[in-house]
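Reading through the structure tokens given below for one structure.
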């Protein structure tokens with residue numbers, strides 16, 4: 001299904017219409033805006049716009065939806081970097097180092113790096129969608145329950161590396177997250193676990209309100225305490241004169257991470273059921289493991305920011321691969337896009353790339369253009385947007401609280417989620433006061449249920465011989481080796497250095 | 001300044017005017033006099049939601065009032081249904097009810113819900129999506145439904161479904177009960193993962209619905225071997241029904257329609273039924289639903305009630321197997 005150059009001219013003709021260009025701009029600007037507000041995610045933006053696209057031409061409609069998708073994931077990082085309020089779960093990992101950079105006065109650099117990395121991740125994945133869609137879709141089908149289980153476990157090892165120096169506290173945070181993930185109707189038996197007769201708890205505790213509480217509300221409470229005690233006025237030095245574009249030195253440093261994270265994001269993206277939230281943490285973990293100075297991660301390391309930002313946008317094109325080739329969406333947002341495809345009479349599969357080639361290639365090229373446009377907006381806006389970080393806290397705090405409440409409510413149109421957000425805000429505040437890691441809770445919530453479902457499905461699929469089943473699957477073996485490496489490397493290093501001292 | 005003032009006056013007067021129009025219409029006798037809220041128990045962008053958004057403009061024309069969608073996802077649909085049942089039965093809140101989740105939700109004793117079909121005023125069924133049984137495209141051990149059933153009598157086969165106690169799971173249990181097959185369920189989170197499991201060969205058999213499977217069958221990504229319906233599906237004309245293949249008695253579907261909390265007046269109910277039936281018959285609605293691969297199945301009054309009662313009976317018969 002490679003690129004057929006005879007369709008190229010018709011693709012250009014499709015793209016060169018006023019409607020398409022208008023939708024491209026609308027999607028990028030709207031997406032960045034939506035994404036930057038906590039609780040308003042790419043998925044929701046796409047879902048709400050689908051009815052509006054009924055009357056549009058298919059190319060314009062799908063360019064709008066895919067532009068929103070990629071831009072919202074980028075937009076979520078802006079608030080994560082500037083005010084420690086991830087706009088979407090995909091940006092939680094971004095907040096780790098991005099916000100520390102802002103505190104150090106490098107907000108502008110963080111925004112610029114985030115923009116450039118997002119564009120690279122997005123463009124790489126869109127190009128993969130353009131030329132490698134069929135083979136990558138087949139890879140996505142090779143991932144089954146055991147692989148999901150192992151991948152989740154692999155992701156969970158990051159909790160250990162996040163909590164260097166305070167291992168017990170890190171693990172406790174992780175266990176708390178896993179415990180939270182147990183709430184809800186059991187997938188395999190439909191047994192209501194810890195639901196206390198509340199229908200709202202049957203789908204489990206929603207990730208987004210919990211994350212908003214743990215990251216944003218706890219942040220507001222911490223800042224409010226500082227402001228109240230007035231021991232020191234909050235002084236975030238905002239670098240207004242610095243460069244937006246990362247300089248050559250930084251560039252050389254992050255380049256390998258960006259490459260690696262693009263691949264990680266793309267691969268996680270093609271898997272149904274794993275999106276930007278998983279990809280950003282896996283990439284972050286990998287960047288930290290491969291780094292010369294892993295101790296800087298979480299303290300404003302540009303590599304950590306670059307890893308998370310590249311990976312979460314590389315998911316977008318990846319997630320559209322199984323969507324367009326197999327009709328199996330690779331993430332929540334693309335699941336909603338599937339409905340949009342059908343409404344325009346576009347059926348995923350081979351036909352889409354042959355009979356409707358002019359439409360679908362126009363959409364893919366549109367996605368590349370959307371990423372570039374997103375980069376242009378991101379870089380030009382950065383100098384203005386970064387000023388958010390210098391807004392006095394007493395103005396910013398109520399705004400964050402209002403956005404958090406509205407965002408939590410908007411996810412399911414339910415007050416219950418607002419209470420969840422408040423509860424997790426308090427938990428997050430207490431955790432941070434006592435030096436527990438709130439990120440560990442979020443990671444465990446994202447990956448815990450994925451691990452549990454994969455583990456239990458695999459037991460049924462193995463028809464009794466679980467070990468043989470795992471070892472008969474090549475991807476499983478690779479993942480097991482990766483997990484072993486992730487767990488053993490720090491021990492080996494310690495052992496080596498100890499030996500070194502003795503000798 | 002003057003210009004702005006004049007504009008303001010204009011705006012104010014138009015606001016005032018619309019207020020007058022609005023209040024006068026509220027006090028008018030005729031129903032509906034104001035927008036009607038429609039609770040959808042699943043998220044925006046899901047199948048139920050998209051179907052509703054396609055249908056509603058056509059119904060609004062008949063009804064002469066706006067239908068405002070409120071997505072209330074959670075609890076397999078029960079967050080929304082609890083909301084619907086707790087709303088005023090004044091005809092201004094209606095909602096989608098989806099089976100079998102609605103029925104299994106109140107019959108499952110673990111859930112402790114003292115609700116039943118009797119708590120709803122039924123308006124009309126909208127979509128019925130029948131169940132299908134599919135196999136991997138490269139499957140060698142069996143290539144049609146007869147071979148599959150024979151094989152499954154002697155061997156344990158794994159089945160991907162879209163969730164425990166859902167229509168796929170119940171159909172699978174019925175097969176085991178009636179024909180002695182040894183299907184064991186591997187439940188997944190929704191149709192994307194359900195289909196990935198069968199297309200990737202992670203499980204032996206897939207139980208799903210026409211709506212989310214017919215396109216993959218046409219593309220040759222998997223093979224649908226039977227439809228669990230009384231008649232063949234328009235979307236899968238080449239696939240036999242279970243009954244015509246010699247396995248009668250297992251029919252499975254998930255259906256969704258419109259209902260209100262019990263207690264609407266006869267006129268209100270009549271107006272709603274009439275408007276929904278007319279809206280559903282609108283050609284643009286039918287055409288879009290066809291493109292979505294969804295079977296519009298218009299039923300109202302006693303027909304709709306009977307359909308739901310039959311389905312309830314089917315689940316009640318399975319109570320021992322479900323452990324209820």
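Glycine is treated like the rest: Cβ placed from N, Cα and C.
Here's what TrEMBL has on this protein:
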| type | residues | note |
| --- | --- | --- |
| DOMAIN | A:21-443 | domain 'DUF112' |
| TRANSMEM | A:20-50 | transmembrane segment |
| TRANSMEM | A:62-83 | transmembrane segment |
| TRANSMEM | A:111-136 | transmembrane segment |
| TRANSMEM | A:148-168 | transmembrane segment |
| TRANSMEM | A:174-192 | transmembrane segment |
| TRANSMEM | A:204-222 | transmembrane segment |
| TRANSMEM | A:323-344 | transmembrane segment |
| TRANSMEM | A:359-379 | transmembrane segment |
| TRANSMEM | A:391-410 | transmembrane segment |
| TRANSMEM | A:416-431 | transmembrane segment |
| TRANSMEM | A:438-455 | transmembrane segment |
| TRANSMEM | A:475-492 | transmembrane segment |
Two-stretch contact, the transmembrane segment (A:20-50) and the transmembrane segment (A:174-192), at least three Cβ pairs under 8 Å: no
Distal contacts, the transmembrane segment (A:359-379) - CB-CB under 8 A, six or more residues away: 3, 7-8, 11, 14-15, 20, 24-25, 27-29, 31-32, 58-59, 62-63, 66-67, 70-71, 74, 111-112, 114-116, 118-119, 122-123, 126-127, 129-130, 244-245, 313, 316-317, 320, 324, 346, 352-353
Mean of pLDDT values spanning the domain 'DUF112' (A:21-443): 89
Range from A:62-83, A:111-136, A:323-344, A:391-410, A:416-431 with most C-beta pairs under 8 A to the transmembrane segment (A:204-222): A:416-431
Long-range neighbours of the transmembrane segment (A:391-410), counting only residues six or more past its ends (CB under 8 A): 37-40, 44, 83, 85, 208-209, 212-213, 216-217, 219-220, 223-224, 227, 234, 417-418, 420-421, 425
